[in-house]
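Peer 1: Relevant sequence annotations retrieved from TrEMBL are reproduced here:
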type    : residues                                                                                      : note
DOMAIN  : 7-207                                                                                         : domain 'Phosphoribosyltransferase'
BINDING : Arg78, Arg103, Asp130, Pro131, Met132, Leu133, Ala134, Thr135, Gly136, Gly137, Ser138, Asp199 : 5-phospho-alpha-D-ribose 1-diphosphate binding site
BINDING : Ile193, Gly198, Asp199, Ala200                                                                : uracil binding site
Amino acid sequence: MSELHLLDHPLIQHKLSLMRDKNISCKKFRELLEEVAMLMAYEVTRNLPLEETKVQTPIAEARVKVLAARMSIIAILRAGLGMVNGMLRLIPTARVGHIGLYRDPHTLEPVQYYYKLPKDVADGELIVVDPMLATGGSAAGAIQLLKEKGARDITLLSLIAAPEGIQRVRREHPEVDIYTAAVDERLNDHGYIVPGLGDAGDRLFGTE
Ligand code: URA
């Protein structure tokens, strides 16, 4: 069964609390999302596999360890875009894929309209990013697409999760670990997380 990791680092919690405030500017929201994504990237990469190699220091040869796997960040559009740069600051060699899904306002189910993935996406570790894990439809759909492309090592990273979204991802993709900074109370009738932070895409891009 997948593991649910609650990222309770004080800096992550502090920044998330600032982001929930509806009165902060779009600029501030964007900056905070980038900063919190960088901190979350540190936590989510904690167990990445390493391999041994050798390097010549100015003094002698040293046996060292480097990352063994290729990394790809897969952003679920739109709001996932707001996490990419922060993550790239810690993992600058990661490749970046995009999956465009919108929620049908009636069924709340994801409809795919775009995807562009790194070449050989199945080769290496994938981190799927979407700040809001609400119904879980988009995340589960994105993970399904990646699996159909042969990907196996997939982790989901969300800033805030609803119990409904966690349950759905775990039911459909029991091998995928989920990392989040908060598990909120529930979804409302429009599929928004309560208390959440509103529409992350709108707040990120100023499209409210
Ligand atoms: N997407 C958002 O941006 N916010 C929510 O609360 C739910 C889905």
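Cβ coordinates come from backbone N, Cα and C, glycine included.
Note that the structure is a prediction, hence the values are computed from the model and not measured.
Structural setting of the listed features?
Peer 2: For Arg78 (5-phospho-alpha-D-ribose 1-diphosphate binding site), the number of other Cβ atoms no farther than 10 Å from its own Cβ, over all displayed protein chains, is 19.
Within the same chain, residues at least six positions away from Asp199 (uracil binding site) with a Cβ under 8 Å of its Cβ are Tyr192, Glu208.
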Peer 1: How many Å separate the Cα atoms of Gly136 (5-phospho-alpha-D-ribose 1-diphosphate binding site) and Ile193 (uracil binding site)?
Peer 2: 11
Peer 1: For Arg78 (5-phospho-alpha-D-ribose 1-diphosphate binding site), find which of the binding-site residues Ile193, Gly198, Ala200 come within 10 Å, Cα to Cα.
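Peer 2: Near Arg78 (5-phospho-alpha-D-ribose 1-diphosphate binding site) by Cα: Ala200.
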Peer 1: Through the lens of DSSP with three states only, how would you label Ser138 (5-phospho-alpha-D-ribose 1-diphosphate binding site)?
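Peer 2: Looking at the DSSP assignment, Ser138 (5-phospho-alpha-D-ribose 1-diphosphate binding site) belongs to a helix.
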Peer 1: Going by DSSP, is Ala200 (uracil binding site) part of a helix, a strand, or coil?
Peer 2: helix
Peer 1: Pick from Gly136, Gly198: which of these binding-site residues has the biggest number of other Cβ atoms within 10 Å of its Cβ?
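Peer 2: Selected residue: Gly136.
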Peer 1: Are there any residues at least 6 positions away along the chain from Ala200 (uracil binding site) with a Cβ closer than 8 Å to its Cβ? List them or say none.
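Peer 2: Long-range Cβ contacts: Leu33, Ala79, Gly82, Pro131, Met132, Leu159.
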